[in-house]
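Visitor: Below you will find the structure I want to go over with you.
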Amino acid sequence: MLGGNVIWFRHGLRLHDNPSLHSALEDASSPFFPIFIFDGETAGTKMVGYNRMRYLLEALNDLDQQFRKYGGKLLMIKGRPDLIFRRLWEEFGIRTLCFEQDCEPIWRPRDASVRALCRDIGVSCREHVAHTLWNPDTVIKANGGIPPLTYQMFLHTVEIIGNPPRPVDDVDLNGVNFGSLPESFYREFVVFDKAPKPEDLGVFLENEDIRMIRWVGGETAALKQMQERLAVEYETFCRGSYLPTHGNPDLLGPPISLSPALRFGCLSVRRFYWSLQDLFQQVHQGRLASTQFITGQLIWREYFYTMSVNNPNYAQMSGNPICLDIPWKEPENDELQRWKEGRTGFPFVDAAMRQLRTEGWLHHVVRNTVASFLTRGTLWLSWEHGLQHFLKYLLDADWSVCAGNWMWVSSSAFEALLDSGECACPVRLGRRLEPTGHYVRRYVPELARMPGEYIYEPWRAPLEVQEAAGCVIGRDYPAPVVDHTAAAARNRANMQELRRLLEKAPPHCCPSSEDEVRQFMWLGDDSQPELTTT
């Protein structure tokens, strides 16, 4: 019985700012077992498309390569976590199991079974908070035992708690005593000597791999991407502004988002948060008192995590105390499938839905557009349909943040219901966000030769124009799935009726102000105050 310490990677697929890794390496003489377990659920693999599975496996390969530099490797095993840890205890007498907190309630049964096992066999079970800036339980306790129902209340609560911890130091892997698995493990479980391919796990490419943008998973790529992003932020701060993609989102250039890396924990959210804060203070020499705006998207992430912690029904309407029970209609004919496949007949929506399927990512403002179109804007279908689709295909889709965004955009989690006509028109919004039409031409090649004046409304083009463009509506590209103008008017009436019925709705999530609504929905740069150095 050699003893030994285990770090169980789930999210947090990195070596930097990893308190669990520090804890597992406290006793340098004991065997060290870094493990990732394919249990069909961990890291969002229960519902996963090819792009996200590939990103995860690239992240695991990057971890494995880093360990191999020091004579070890990442142990990748397929099976049930509790059974695997019991066998490690039987073979080695492991003493400590360390892992990063997965705060969402969907992971509770998995973690409870592992904790119960550790109690039974006398293994110390150490959980560390590093996937979020603050421990959600601490936020809830500071708010009187309930999660803050508005974003502003969340900001107030974390201000009372104080700044999030800074990242911990990097570990030194020199001289680490890496453990290896006995032959019996290879007979009892599926053990991968190197990171598998998606196909090895039963996940296959649905269509031809025609990605315009290539996302690469792993800590090495994430740290490089963060430096590139900080360079963009530096230029923005020097101009006295912030959030460079908010006012003028670039839908065609390489995305600078770090959300996939944060979702899998290839990049520490604390490393990114404090890098932004320190850079901001460096540029402005500490003269700006409030800097919450520059990390707003990270704080929204925290807010959604906190709202979900004690709510196992957070990702559905039924039994969800923060969600309004809006009477969505059932899908008619193939309208839901047409939305999923990018065949609605609205080019801006279709371009986005095809980009999602082929590349696994969408700019936040485009996500709002297609979500609004599916729900209160046009089709009046439940946000639950959209959530399931996004959870499968988005690289950065995690349960809490993705469900929170869908409830927000569909007005399902808010008493102050949004105006259905404010941001729902896919024609008007497409023209404002990308007036050249190149985004549509990239992802909807049927419309590549359609003149710019008709690119967002090709059904309005005269027949001779359609024929000259090689795209006759109804033959080469579908006609609109619905009359958007009529649908939007009908939906506005539905919203007005809901407002009347919900005058005395029970307490639940709601926007703090109109400015917050506009900022969350990315409704233009004019609502964002310029930062000053006074």
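Cβ coordinates are placed from backbone N, Cα and C, and glycine is handled just like the others.
The shown structure was predicted, so the numbers you read here are calculated from the model rather than taken from an experiment.
So TrEMBL lists the following for this protein:
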type	residues	note
BINDING	Tyr242, Gln297, Leu298, Ile299, Trp300, Arg301, Glu302, Tyr303, Phe304, Asp396, Ala397, Asp398	FAD binding site
SITE	Trp328	site 'Electron transfer via tryptophanyl radical'
SITE	Trp383	site 'Electron transfer via tryptophanyl radical'
SITE	Trp406	site 'Electron transfer via tryptophanyl radical'
Visitor: Distance between Trp383 (site 'Electron transfer via tryptophanyl radical') and Ala397 (FAD binding site) at the Cα atoms, whole Å?
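Guide: So the Cα of Ala397 (FAD binding site) lies 15 Å away from that of Trp383 (site 'Electron transfer via tryptophanyl radical').
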Visitor: At 10 angstroms around each C-beta, which of the recorded positions Phe304, Trp328, Trp406 has the fewest other C-beta atoms nearby?
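Guide: Among the recorded positions Phe304, Trp328, Trp406, the sparsest Cβ neighbourhood within 10 Å belongs to Trp328.
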Visitor: Per residue, counting other C-beta atoms within 10 angstroms of the C-beta, which of the recorded positions Trp300, Trp383 reaches the highest number?
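Guide: Counting Cβ neighbours within 10 Å, the top one is Trp383.
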Visitor: Rounded to an integer, what is the Cα-Cα distance in Å between Leu298 (FAD binding site) and Trp406 (site 'Electron transfer via tryptophanyl radical')?
Guide: 17
Visitor: Sort out for me which one of Leu298, Ala397 has the most neighbouring CB atoms within 10 A, since those are the binding-site residues we care about.
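Guide: Ranked by Cβ atoms within 10 Å, first place goes to Ala397.
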Visitor: Between Trp300 (FAD binding site) and Trp406 (site 'Electron transfer via tryptophanyl radical'), how far is it from one CA atom to the other, in Å?
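Guide: Just about 13 Å between their Cα atoms.
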Visitor: Within 10 Å of the Cβ of Glu302 (FAD binding site), how many other Cβ atoms are there?
Guide: 23
Visitor: Provide, as an integer number of angstrom, the distance between the C-alpha atoms of Ala397 (FAD binding site) and Trp328 (site 'Electron transfer via tryptophanyl radical').
Guide: 23
Visitor: Measuring CA to CA, name the entry from the recorded positions Glu302, Phe304, Trp328 that ends up nearest Trp406 (site 'Electron transfer via tryptophanyl radical').
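Guide: Sorting the recorded positions by distance from Trp406 (site 'Electron transfer via tryptophanyl radical'), the top entry is Phe304.
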